[in-house]
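Colleague: Before I ask anything, let me first share the structure, which is written out below as structure tokens.
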Amino acid sequence: GRQNEDHHEEFLPTGETSIDSYPNWLKFHIGINRYELYSRHNPAIEALLQDLVSQKITSVAMKSGGTQLKLIMTFQNYGQALFKPMKQTREQETPPDFFYFSDYERHNAEIAAFHLDRQVEWICFKRKGEILILDFRRVPPVAGRLVNMTREIRDVTRDKKLWRTFFISPANNICFYGECSYYCSTEHALCGKPDQIEGSLAAFLPDLSLAKRKTWRNPWRRSYHKRKKAEWEVDPDYCEEVKQTPPYDSGTRILDIMDMTIFDFLMGNMDRHHYETFEKFGNETFIIHLDNGRGFGKYSHDELSILVPLNQCCRIRKSTYLRLQLLAKEEYKLSLLMKESLLKDKIAPILYQPHLEAMDRRLRIVLKAVSDCIEKDGYDNVVENDFNTDVNTVTTER
């Protein structure tokens with residue numbers, strides 16, 4: 001029966017187990033489709049967030065590649081998540097002399113990005129018979145967790161390279177630094193107080209052997225060089241070139257890039273060098289908003305160069321535009337909704353108040369950019385109607 005579902009699988013007359021008895025990570029994987037990572041009302045997502053903070057960690061390994069230390073954690077129910085440890089306090093800002101490519105990856109940025117992307121409040125409102133739902137759902141679920149470095153990392157890892165980097169600091173705290181190309185040294189060690197560490201856990205996507213992903217170079221990627229500029233920084237007509245190149249010459253991909261641009265600008269994330277899609281869905285599918293740890297580095301500065309794709313292309317989905325206009329209203333204020341949403345996380349508060357206020361300020365900048373575009377090119381050339389007029393819903397063109 002239902003109350004025993006944790007202990008006994010439920011067998012259907014066909015001898016197959018019912019979906020009810022699947023672990024939440026598998027329910028999440030099964031729910032991924034061409035248009036989104038999860039549907040608005042998927043109860044498995046809340047349950048999965050709960051699992052990320054409560055499931056017993058049975059093994060830990062370092063993730064290879066990438067510049068900074070990340071750990072792959074496996075849980076008792078065989079789910080897996082990517083752990084990013086805390087590197088900075090909530091109040092710290094990225095130093096002004098740091099290049100974007102040497103910035104720290106922040107665990108709280110990963111958590112905040114998930115909440116921004118889904119905006120859990122699901123605001124619905126009617127306008128001319130349309131119901132507008134304002135959310136992307138393109139970031140895999142992320143939750144904050146306090147981890148015991150001794151019991152939940154050192155004692156359960158079979159990764160000798162990781163294990164070897166544990167030590168006890170002069171203050172008698174447990175520390176480790178792992179192996180990676182940036183910030184993996186005794187000087188940059190992660191230390192507990194005495195052995196607790198905070199981090200973000202991002203649910204894994206389905207294994208690549210089951211769901212291949214395609215990696216695309218972002219046309220507006222930065223030069224990743226101290227002196228060189230990228231082409232888009234010097235050519236104001238760069239977007240015209242992009243729009244003539246597949247996959248940007250048809251379908252919804254350019255609109256997806258605009259969504260991603262706005263998402264990144266609100267967070268101050270300059271590090272979107274590549275993006276991924278699920279190969280199975282071809283070109284008519286959403287962009288997965290992975291790896292958001294370099295967002296929320298500065299609240300006292302708005303990085304306008306992140307918004308260049310929107311300024312150059314002057315295109316936006318109607319659903320996104322209406323959502324942004326709503327979030328600029330006092331009663332649906334972005335910073336307040338975010339604050340409320342983030343309170344649900346175990347390691348709240350997630351963002352320092354000035355970061356929340358910076359998002360309201362940046363939202364006004366985005367809306368000004370869109371209205372400048374409309375003034376220049378006309379509403380119909382800028383705003384793409386992704387609503388199906390005969391049905392009260394967003395079409396699959398999202």
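Each Cβ is built from the backbone N, Cα and C atoms, and glycine gets one as well.
Worth saying up front: this structure is predicted, and the values here are computed from it rather than measured.
Sharing the feature lines straight out of TrEMBL:
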ACT_SITE  ASP271  active site
BINDING   GLN68, LYS84, GLU105, ALA202, ALA203, PHE204, LEU205, GLU276, ASP291  ATP binding site
BINDING   GLU105, ASP291  Mn(2+) binding site
DOMAIN    166-383  domain 'FAM20 C-terminal'
Colleague: So which one is it: of the recorded positions GLU105, ASP271, ASP291, which has the fewest other Cβ atoms within 10 Å?
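Modeller: Result for the recorded positions GLU105, ASP271, ASP291: minimum number of other Cβ atoms within 10 Å at ASP271.
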Colleague: Taking 10 A as the limit, how many CB atoms besides its own sit near the CB of GLN68 (ATP binding site)?
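Modeller: Counting Cβ neighbours of GLN68 (ATP binding site) within 10 Å gives 20.
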Colleague: Taking the Cβ of LEU205 (ATP binding site) as the reference point, list residues of the same chain whose Cβ is under 8 angstroms away and which are at least six residues distant in sequence.
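Modeller: LEU205 (ATP binding site) has long-range Cβ partners HIS29, ILE32, PRO140, ALA211, ARG213, ILE288.
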Colleague: How big is the gap, in Å, between the Cα of ASP291 (ATP binding site) and that of ASP271 (active site), rounded to a whole number?
Modeller: 9
Colleague: Roughly how many angstrom lie between the C-alpha atoms of GLN68 (ATP binding site) and ASP271 (active site)?
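Modeller: ASP271 (active site) has its Cα 14 Å from the Cα of GLN68 (ATP binding site).
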Colleague: State, in Å as a whole number, the widest CA to CA span among the ATP-binding residues GLN68, LYS84, GLU105, ALA202, ALA203, PHE204, LEU205, GLU276, ASP291 given in the record.
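Modeller: Roughly 20 Å, rounded to the nearest whole number.
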Colleague: C-alpha of GLU105 (ATP binding site) to C-alpha of ASP271 (active site): distance in Å?
Modeller: 10
Colleague: Looking at the domain 'FAM20 C-terminal' (166-383) alone, can you tell me the average pLDDT?
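Modeller: Mean per-residue confidence for the domain 'FAM20 C-terminal' (166-383): 96 out of 100.
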Colleague: Just counting, how many other CB atoms are there within 10 A of the CB of ALA203 (ATP binding site)?
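Modeller: Other Cβ atoms within 10 Å of ALA203 (ATP binding site): 23.
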Colleague: In whole Å, how far does the CA atom of ALA203 (ATP binding site) lie from that of ASP271 (active site)?
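Modeller: Here the two Cα atoms are 21 Å apart.
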